[in-house]
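> In case it's useful when we look at the structure, here is the feature table from Swiss-Prot:
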REGION    4-185  region 'Large ATPase domain (RuvB-L)'
BINDING   24, 25, 66, 69, 70, 71, 132, 133, 134, 175, 185, 222  ATP binding site
BINDING   70  Mg(2+) binding site
REGION    186-256  region 'Small ATPAse domain (RuvB-S)'
REGION    259-347  region 'Head domain (RuvB-H)'
BINDING   295, 314, 319  DNA binding site
């Protein structure tokens, strides 16, 4: 299965979905649900910057995909009352690409760079003086006649977003004054998001129906909104448009999303560890070959949620399924030496 085919992938599935996301996106911090600590901090920092009529300190947002990093970047610009320029690390291939963006910023504007960990080293070098001194060093000419010219930039705020904070270089990370990690959302928070999105979409949904969708959404707002749209389609055809717990359950089972939010790929990964490798430990390369997936897909897409929920763990010797995973699938715990710690965990 291709990652972009997964209903519960935290990545956007299409440009159309990105348009739908924008329609559901909160515009102000007061409308933003979840991430209370980050929201409270930003509220104070933004208000202080506005009172001083200064640019907000540079902001780094990191965490798994689909948790609202882009939404927060838009909210920062909206709350500051300034413009927003948006791009991504892979798009900025040459120093000139970044220079064109920076020289067109208005005072206190927000520049949002998604996937900032994928900036090329040569572009990153240009960014350092821009962040620290609001200056741009550019080379004019070539060879012996080349010379460096400094251009003054207006004060601005860089909002960087990344799913791989560990891949940022130390010099770049050190230039951010505000660094925040986004966490997975609780079922209660996701239920509020479902109710809000359903109202915007004109969907008729009960609180228990919203909770049923929320608890299968892997702690991710992007996933919960996607599941809501699919359940709405099911309800319009099968239940006269009314979404309750039974309708949501039937729709999600039809979509192959089980009671804890696992899909075919999740179940395949866990069952491979348990049935083919005796519960582990198994190296990630062997596991990738066994399920015909790329190593990066396992590490970046499949594992984070499974580990966070306690169904799998990383050890120095490889990946292991936990007793919780065995219980979920109704399988007996292995009694071999390799998985002895599963028995310790069970006890």
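Placed from the backbone N, Cα and C atoms, the Cβ positions cover glycine too.
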> Which one is it: of the binding-site residues 295, 314, 319, whose Cα lies the shortest distance from the Cα of residue 70 (ATP binding site)?
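Going through 295, 314, 319 one by one, the Cα closest to that of residue 70 (ATP binding site) is 295.
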> What is the number of residues in the region 'Small ATPAse domain (RuvB-S)' (186-256) that are helix, strand and coil, as DSSP sees it?
51 helix, 4 strand, 16 coil
> Among the binding-site residues listed here (24, 66, 185), which has the Cα closest to the Cα of residue 295 (DNA binding site)?
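Smallest Cα separation from residue 295 (DNA binding site) among 24, 66, 185: 66.
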> Between residue 314 (DNA binding site) and residue 134 (ATP binding site), find the distance joining the two CA atoms and give it rounded to the nearest Å.
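Residue 314 (DNA binding site) to residue 134 (ATP binding site), Cα-Cα distance: 43 Å.
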> Residues near the DNA site, 295, 314, 319 excluded, by Cβ within 8 Å of the Cβ center?
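Other same-chain residues near the DNA site: 283, 284, 287, 298, 299, 303, 318.
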> Would you work out the biggest C-alpha to C-alpha distance among 295, 314, 319, the residues that bind DNA according to the record, and give it in angstrom as a whole number?
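Greatest Cα separation within the listed binding residues comes to 14 Å.
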> May I have the DSSP-based helix, strand and coil counts for the residues of the region 'Head domain (RuvB-H)' (259-347)?
52 helix, 9 strand, 28 coil
